[in-house]
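Engineer: My questions all concern the structure below.
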Amino acid sequence: ESLHSCIGLLGISAGSLLLAVHFYSSPRAAPLIPSTALGVLLLILSALLAYAGIWRRPQNGSLLPSLCLTISVFWCGYGVTFILAGHGTLGDTDDLRDAVVPGLATFTLALLLIAVVGFLCREPLLAVVSAATSLATAHDVAARHSSALGSSAVACNYLVVCLVGGYFALGRILYFLTKGKIALPGTDLAKRKAREQSQATGGTMNPFAATGLILNMLSAGVFGCRLLGITSKLFMGQVPWLWAAGIYQIGICILSYRAMDVLMATAFGFTSILKFAGGYCLLSPAWQPEEPSLPTPFLVVFSILFAVLAVFLALQSPLDGLYLLVYVASCIALACHPRGFFGGGPQGVAVAIFGASALVTLIHLYNGKASAKIPTGKGAVKALLARSSSLKLREGSDVHAPYLGYSKYGDAEVLAFACSVLASFALTSSGDLQAPLATVVIPWVVVAGGILKLLGGSVAFARGKTLESSAFILYAVMWIIWGLTRYGGLSGTTRSFHAVVGIAAFLLFNGFIVFCTLFLNITWFIYSLTFMLVALSFFLDAIHSLPAGYDTAATLIFGLVSFYCFLSALSSSTFEGPCLPMGGPIVQLGGVGAATTKCLHLPARKASSVKRIADILRSGGTCGIPTDTVYVLVAACNRPDAVEKAHRSKRQAQDRPMSLWISSLKQLEPARHLFTPLLWDFMEAAWPSPISLVLPRGEWVDFLEMKDSAKYVGTPQSVAIRIPDCSVTTHLIDLVGPIVVTSANPTGEADTTHHNQVYAKLGDKVDAVLCDGPSPENIASTVVDCTKIDSGNVGFFRVGIIPKSQVLQILEQVQKK
């Protein structure tokens, strides 16, 4: 960790050194580093900083991830601008100034905010780096407006950043080489880590929210600088800032889902769409002389989505909810002004977004680091809702727990359904077939309906929702292809046979999804069925048989259904109980999934989950649990009814009897006199491990209080017993007592290597599943025949993960002892 912590600052130092050399040599006719080469190097370093910002675990409240990600965005946009300048795309000096100043001005304030929080929260090293970089960007802005200032001050500030980063790297290297004996002042991470952990108890839930807000500052700064007269025009040279902000915003959206902050992730997804649309508008002069027009109905719908999300976000954090209202005003301003992003009204709202984003960024940064928090109104909302008997907020770490167990992501269905609304209403714009790019439709359809819906489908797949993810991904591909074809000028006035065949294939695939949703719920069935109407309009258009108004009506119906799904997913993720129900399945399956209550899926990482599984086992239930090999089905030994149930659910073959597991040899200590010394020593040497020992059946079985369960375990002559090398499993056995174990799959099928497969294979025959993701091994345990061990020989019923040679080596060591 100590070496990885300096990757970010070493990257910042390297980039600062490059910029220092560039600005020192810029007065020359030929700079030491050409603009194109400098831009490429900055892009490489920005990728390194992005890795450092994501890798560094932010739970301890450090400012390093925010600093690394912020400078990564800065150098990404700055590097592309240098590349454009190197190729002569930006033209004269005024164009270069108008291109870089919005980004420089934004990061001057953003890095200053990080520096202030760093000084207040005793992070002097990061504060100096942030302050020096902020001063460098401020001097850069001043030098581009007045040539008399020169560029030496910019180079000096970057040199300070380089020296501070080098000092930190030297301190970490000395600390590593001397094994902690030498630590330069300010570089001792051990003390800092202890202080961070003591302050992290009240940190913000989403540590990446501050970076997402800085990206909102960046996009707003591009348009705000034009209104304030800092830049003379809006043109394609400012697109790198907007699209860099959009790309990183999608990344922050994904990281917010990792932080289980669904509402902020949805908000960042929404704002990324506006960034790509703004960049698209600034690029439009490349293919048409006039300014592009924005579809008014779409922007009105977008403002409604922002408003609804702001209301729900205010229940989680009133400050963030109020902040999101400025984007409602932005969408309304874009809808009302005929010039869109080029108009004064939207640019005025952009200035408001810039100021609001800066204020909320400061609060998020400070609350994520300091022990004393700036109030955001969250407590007042909780107190208000506590008086209501009908509305109760979902709280706790299990808010977004998936149905099929553990997932690293929150539920992204809210964003996916919202993107369906946006894409459908964007398609209501007819556009001009002779000039399809004159109307801004592609960003709404491709980014919202395509890229973000692909993100939602990927997250749904990670959460075990296979059908939902398949639908989202299929619809995303359809939106991307049809959006680019119809509104990108690719289709023209004629349609080919290949387009007809492709759309027919989509209709066929969607027909299968419609059929599958019959077994899911009513809302999903209507959602997929109405998309069939949209796909049918594409098909009719391809064969030149589209009735007048049919495509508009189909997209409006699909948009309204998607809006209901959006509200339902939003309310179910915010409140306890279905405020807007999705309905039950239209067709009820008769096998797996037919029960009225779902099988419990509990994360194995939590002690409370293990305790709950223990309660179920003590009550006579059967559960699927993880082990040191594959997943198994278990029942408590002292519950013969549960053991019989597990035996029946397996359709157990006679040559694969159920085995017995204990957590420690202490459970067999009362019966130690019944075992030979060699066998007892062999068990001590072999366990805990994935080695099952088949022992002669005897009176020792009675000491485990198996009662009537004994007839289902082993054979009349022998019993297989094991102590697993898995802390979760042994802790469960400590709570329950000895357990009867069998593989979590029907006899004859492959071993179960993931918690999702337990319920899929056994269905309602299992009462609960303890979820721990993929199995550590895909091979079962080794089964050793110890019935004749006193003669010095052992046999093997099955050679599994432990090889035969290792077992024989253990036996040889015991015999020597």
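Glycine is treated like the rest: Cβ placed from N, Cα and C.
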Engineer: Which one of these stretches, 208-229, 406-427, shows up in TrEMBL as transmembrane segment?
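Structural biologist: Range annotated as transmembrane segment by TrEMBL: 208-229.
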Engineer: Under 8 Å, at least three CB pairs between the transmembrane segment (467-485) and the transmembrane segment (67-87) (pairs 6 or more apart)?
Structural biologist: no
Engineer: Under 8 Å between C-beta atoms and at least six residues away from its ends: which parts of the chain pack against the transmembrane segment (497-520)?
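Structural biologist: Residues 467-468, 470-471, 474, 478, 481, 485, 491, 527-529, 531-532, 535-536, 538-539, 542-543, 585-589, 593.
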Engineer: Limited to the domain 'YrdC-like' (607-802), I'd like the whole-number average of pLDDT.
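Structural biologist: The average pLDDT of the model in the domain 'YrdC-like' (607-802) works out to 86.
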Engineer: At a threshold of under 8 Å on Cβ distances, which of 148-170, 208-229, 437-455 pairs most often with the transmembrane segment (7-25)?
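Structural biologist: Comparing 148-170, 208-229, 437-455: 148-170 has the most Cβ pairs near the transmembrane segment (7-25).
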Engineer: Would the transmembrane segment (552-570) and the transmembrane segment (294-315) count as touching if the test is at least 3 Cβ pairs under 8 Å, pairs 6 or more apart?
Structural biologist: yes
Engineer: Name the range, of those listed as 99-120, 294-315, 437-455, that has the largest tally of Cβ pairs under 8 Å with the transmembrane segment (241-260).
Structural biologist: 437-455
Engineer: Does the transmembrane segment (99-120) come near the transmembrane segment (208-229), with 3+ Cβ pairs under 8 Å (pairs 6 or more apart)?
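Structural biologist: Contact criterion met.
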Engineer: Sort out the residues at least 6 away from either end of the transmembrane segment (437-455), same chain, that have Cβ-Cβ distances under 8 Å to it, and list them.
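Structural biologist: For the transmembrane segment (437-455), the list is 246, 250, 253-254, 269, 272-273, 276-277, 280-281, 284, 287-288, 290, 292-295, 298, 340, 412, 415-416, 419-420, 422-424, 426-427, 429, 431, 472-473, 475-477, 479-480, 482-484, 487-489.
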Engineer: Kindly say whether the transmembrane segment (208-229) and the transmembrane segment (525-546) touch, using the definition of 3 or more Cβ pairs under 8 Å where each pair is 6 or more positions apart.
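Structural biologist: When sequence-distant Cβ pairs are counted, the transmembrane segment (525-546) does not touch the transmembrane segment (208-229), since fewer than 3 lie under 8 Å.
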